[in-house]
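S.K.: Below: one structure in structure tokens.
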């Protein structure tokens with residue numbers, strides 16, 4: 001028996017408690033981080049570029065940075081284009097194809113949301129208008145977790161939405177730039193790239209400085225400092241969700257090559273020791289096969305130590321009564337990524353109420369979705385798929401209600417509004433409606 | 001000259017700074033409130049109903065409440081129906097008509113968002129599914145700010161979205177129930193009404209207790225304790241925006257009866273001393289007329305002291321160069337409510353990029369929209385209309401991505417995904433894609 005991953009059985013006593021304990025994840029708040037972020041944000045708000053420059057030279061150790069001013073942090077279009085041109089052919093083609101597929105999917109989201117208006121018999125017009133945000137900031141982590149795919153997934157929906165200015169910030173510790181990230185920015189149509197990061201970059205985007213205009217929303221992943229800074233500037237600007245550790249839940253009927261499922265679990269586990277990989281299956285023999293595949297394949301993985309910790313601490317292979325029960329448990333888990341690796345997967349998908357993204361059928365590995373299928377890979381984690389959605393074009397648009405009340409409409413609506421306003425004790429509301437009545441008539445409040 | 005409201009001129013030196021100062025509003029966080037809320041939430045999470053019962057009896061002084069247990073807080077359907085039946089006929093009819101109009105508008109929002117799917121030539125299917133949230137909590141303030149219109153505006157979009165359980169909490173200090181609020185709950189189709197409030201109600205909804213199932217999202221306005229509690233449970237459940245003070249911005253070309261505009265400004269100002277009412281107009285004579293109307297009408301208003309403070313502290317009549325400049329300033333203000341009280345208002349509406357709701361033409365007073373036009377009256381405040389939207393059906397739905405990759409699709413997508421995954425150093429991602437290639441072939445990472 002493998003000692004790499006826990007095994008649970010839904011018929012055991014205390015199964016639900018064990019499952020709840022396994023799923024429990026509370027993002028800890030670190031007082032030292034909170035305090036540091038508060039100071040940095042305050043400083044950037046007060047001193048602008050001077051503060052950004054100091055923090056960047058301090059934290060990212062930019063060689064000879066002190067004298068060169070903020071201009072040194074701008075990467076021009078020529079450098080982005082050169083990064084793209086300099087990629088190996090296969091990599092460039094893969095990035096371009098992925099970008100094009102992501103664009104096509106997100107264009108569908110845009111088509112779906114066109115706004116509407118309707119005219120009532122008395123000439124009153126009501127509607128909803130959809131407009132893009134003006135300016136968006138995209139945070140891209142630097143260093144080892146620099147992911148060009150994240151650049152595409154965050155920037156392309158903004159571009160499709162029609163956002164005029166997309167400002168990407170990416171720290172370059174010790175001045176080291178990731179060429180694939182710059183190439184992705186070129187492909188995605190980012191309008192400005194600035195090599196700053198951390199809470200100072202979030203502050204610059206939220207409050208604006210002399211050289212960086214304030215944005216309306218900040219999206220993209222980051223470390224604990226970035227997450228804390230985003231939480232703090234929320235309200236001044238919009239933010240995306242603060243993501244928890246990544247999760248995969250595989251529902252398997254026992255008909256998929258067990259090596260495939262094992263590798264799918266690895267592909268989540270390799271992200272992070274806190275990542276969570278769980279399989280639900282009604283077939284005990286098959287579970288044993290997946291376990292054997294895990295044992296066999298783990299030593300072949302370059303990131304095996306991360307995978308091992310993740311599987312040991314947060315993974316599970318769970319024997320369920322049947323696929324119906326698997327779907328029920330999946331709804332309780334509300335996973336970020338849900339693979340239904342089964343014959344006729346649609347029958348089970350129809351029973352799923354909560355999941356960030358559903359991968360149907362055994363050829364639909366999560367990794368295909370992570371890079372190039374088209375749907376977004378920024379997805380709700382930590383059970384938030386119960387109430388939130390993948391990142392999309394809609395995150396870079398907002399709605400405004402439109403109300404044009406005709407003179408005739410004001411006669412009927414005015415009486416209703418006045419009645420309710422008096423009922424709520426808001427007499428100016430009532431009078432404002434009644435002044436539009438012809439002849440003007442004020443109800444005596446009861 | 002009136003001393004009730006400040007007057008500004010866009011041609012004056014320092015106008016933008018004065019405007020910025022006028023608009024500046026920072027929600028202060030009160031450490032005592034934060035600490036109290038933290039304790040209450042922790043207590044409700046640990047002790048459930050017992051804590052809710054204790055806090056409710058303590059804060060709301062429920063007569064003889066201690067012994068009766070949680071059941072005493074449930075208001076049954078019969079009592080809701082009786083409240084509706086007991087309203088004066090005009091009030092009941094107004095509430096029902098308003099509800100029906102709100103329903104019609106929100107049905108349009110639902111129609112707009114149907115999800116989509118498309119099939120690629122190789123059989124791969126990609127799409128987006130829209131589903132309602134399972135359970136929603138609606139917070140309704142008790143006491144003097146008990147607004148039946150808010151019940152309709154929060155509950156009807158949830159109902160239209162298809163939310164199965166809509167649980168309304170409304171505190172009843174000293175046991176006093178607002179019949180119009182209960183009637184609104186009956187009309188809106190709220191599934192359960194519980195007479196609890198404050199941070200303890202937010203905690204009960206977010207974490208669940210033995211008698212109250214945990215919800216997926218909490219919406220609705222509340223006092224500083226409720227706002228702080230909602231912020232804290234965000235992540236465990238979804239929340240709507242934390243609203244700032246209400247705002248109206250009137251763009252007027254000088255052709256509307258000045259009494260109407262004055263009363264529209266009052267209708268915002270009467271909400272709250274912190275509410276903000278501003279008019280932009282290119283016509284100095286007309287501004288003087290509005291000022292005279294303010295002087296004349298204010299003494300007639302029952303809530304004149306609130307209005308007076310709001311106008312004095314946060315209101316303004318601003319002379320602009322022309323209506324074009326008015327629109328430009330309106331975009332900087334990004335008001336919650338924007339009235340364009342002008343001839344041919346659409347020409348100016350076309351220049352507006354940011355507003356929660358736009359009221360076009362002189363008959364479209366904000367108060368009509370507050371109660372019964374149909375669009376929602378829960379709108380983004382404090383310049384957040386730059387990036388957020390009115391409350392709507394979409395706030396009670398979430399999207400899931402659907403990815404079904406065909407065997408043929410896995411061949412082309414697998415090569416792209418593997419290329420990018422190796423580029424990001426995520427080998428298990430690459431292998432997971434490559435295992436689906438036929439024949440299986442692993443690229444040697446470069």
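The chain as shown is numbered from 1 upward.
Just so it is clear, glycine is given a Cβ too, placed from its N, Cα and C backbone atoms.
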S.K.: What does TrEMBL list, out of A:337, A:354, as binding the same substrate as A:246, A:268, A:271, A:370, A:424, A:429?
M.R.: A:337
S.K.: Would you kindly determine which binding-site residues in the set A:139, A:200, A:370, A:424, A:429 have their Cβ under 8 angstroms from any Cβ of chain B, listing them in sequence order or replying 'none'?
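M.R.: From A:139, A:200, A:370, A:424, A:429, flagged as close to B: A:370, A:424, A:429.
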S.K.: Cβ within 8 Å of the NAD(+) site centroid (A:139, A:200, A:223 excluded): which residues?
M.R.: A:141, A:169, A:171, A:197, A:198, A:199, A:201, A:202, A:222, A:225, A:226, A:229
S.K.: Applying a 10 Å Cβ distance cut-off over all chains shown, what neighbour count does residue A:429 (substrate binding site) have?
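M.R.: Counting Cβ neighbours of residue A:429 (substrate binding site) within 10 Å gives 30.
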S.K.: Highest CB neighbour count within 10 A among the binding-site residues A:200, A:223, A:246, A:268?
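M.R.: The most densely surrounded of these binding-site residues is A:268.
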S.K.: Indicate the candidate from A:271, A:337 with the smallest number of other Cβ atoms within 10 Å of its Cβ, considering only these recorded positions.
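M.R.: Fewest other Cβ atoms within 10 Å, among the recorded positions A:271, A:337, is found for A:271.
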S.K.: Tell me, in order along the sequence, which binding-site residues from A:139, A:223, A:246, A:424, A:429 have their CA within 10 Å of residue A:336 (active site, proton acceptor).
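M.R.: So far as Cα distances go, the binding-site residues lying within 10 Å of residue A:336 (active site, proton acceptor) are A:246.
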S.K.: Provide, as an integer number of angstrom, the distance between the C-alpha atoms of residue A:268 (substrate binding site) and residue A:139 (NAD(+) binding site).
M.R.: 22
